[in-house]
Amino acid sequence: MWGGSKLSSSGRRFLGGLRAGFRSTQADSSRLTTSAAIYKRSSFFISSSTPGHIKDGKILANLRVYPKNQLSWILQVKPWVFNENRIMWSKSYSMTFACLNWMKNYRLPWTRPYSTSRTTVDSSEVKTFLALAHRWWDEQGVYAPLHSMNDLRVPFIRDNLLKTVANHQPGKPLSGMKILDVGCGGGLLTEPLGRLGASVIGIDPVDENIKTAQHHKSFDPVLDERIEYRTCSLEEIVQDTAEMFDAVVASEVVEHVIDLETFIQCCFQVLKPNGSLFITTINKTQLSYALGIVFSEQIAGIVPKGTHTWEKFVSPEKLESILESNGLSVQTVVGMLYNPFSGYWHWSENTSLNYAAHALKSSLQEHPAPAEFALKGETEELQAEASTNSGVQEELKK
């Protein structure tokens, strides 16, 4: 992750190389201009059918002799090279400015607006959950483990959010906070967060899931005011909800998306500075395959077959790497274990199966985005040096 507003050592070496290229260009071009001026002041123009060579300027030329009163002399210049870098000057010039323009327009991953042309939604996953949309609130059915998981994940979210506020209302500790529940399904986690006083928006790409969630919350007038449901993906609301939420919750979601990097980038963009991201998911281990897929889906039938794809599971180390590289600082990673016989979850130091993670969005002061402005000063300096070479181009056109 970027740190501070100064350029890294590799960045400084890169810009130093560009500056050296410009200075070398200017020096060699000055010699070229001087040589051309000498030929133009001569009483006759040198040329020959035998190619001549100018060693100091590294110019290869075909020259012929013309009397002074005849047509202007002709200098047919072949491609020339720099003494050290062996790069065609005009090519170096255009490539350098192309690079400068790229650096000027470049924006760090977490500061670039997200393009909605890409999606994180897997259409095959949508079909799987569409078939189960009517079973969300059956506490003894296929979603029983998620109902039981609320005993861990709700306090986990609540307690970490309360660390960021000085005071809170008894009975409604999350009052005044805005939370986005991504992949909310039937609202199993959305409703408990609403009961804690938060204003919650639940989103899900499966329309039938949203209909189930809306129907269930309609029985509680308080929740009906605090909770809003939308049928959409996260990337579809990024631009309209930039830096709107105090917290984003993605519980049992990231193992179903097709582009985790993009998903995390979107989470970052909708969070307020110092906002919290909460994730619960499944580790990518041999044990998670044996218990999470073979046993849970194919043998015990705890969850329907095809619910999970092992290749999409993500390890805590990989998840932390993605979070940190996208401006999110990991605060906590803790293991979760489910007992299929008792139907209860408990915390564990072992993260080889399920785990929960909490990350904070870096504050504005800690963002490396000002490096764009640090590059601006270097770019302007290089452009000033390059402007002195404009006379060389004019001289060559004559």
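Cβ coordinates are placed from backbone N, Cα and C, and glycine is handled just like the others.
What TrEMBL annotates here:
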BINDING   R153, G183, D204, S251  S-adenosyl-L-methionine binding site
BINDING   E252, E255, H256  Mg(2+) binding site
**OP:** Pick out which of the binding-site residues D204, E252, E255 has the most other Cβ atoms within 10 Å of its own Cβ.
**Re:** D204
Original post:
Nearest to H256 (Mg(2+) binding site) by Cα, among R153, G183, D204 (binding-site residues)?
Top reply: G183
**OP:** Looking at S-adenosyl-L-methionine and its recorded binding residues R153, G183, D204, S251, figure out the farthest C-alpha pair and report it in angstrom, whole number.
**Re:** 19
Subject >> Residues that sit under 8 angstroms from R153 (S-adenosyl-L-methionine binding site) by C-beta distance, when 6+ apart in the chain >> reply: L189, S251, F278, T280, A356
Original post:
What is the interatomic distance between the Cα atoms of E255 (Mg(2+) binding site) and D204 (S-adenosyl-L-methionine binding site), given in whole Å?
Top reply: 15
Subject >> Chain-internal residues near G183 (S-adenosyl-L-methionine binding site), provided their CB is under 8 angstroms and they sit 6+ positions away >> reply: I203, D204, A250, S251, E252, V253, H256
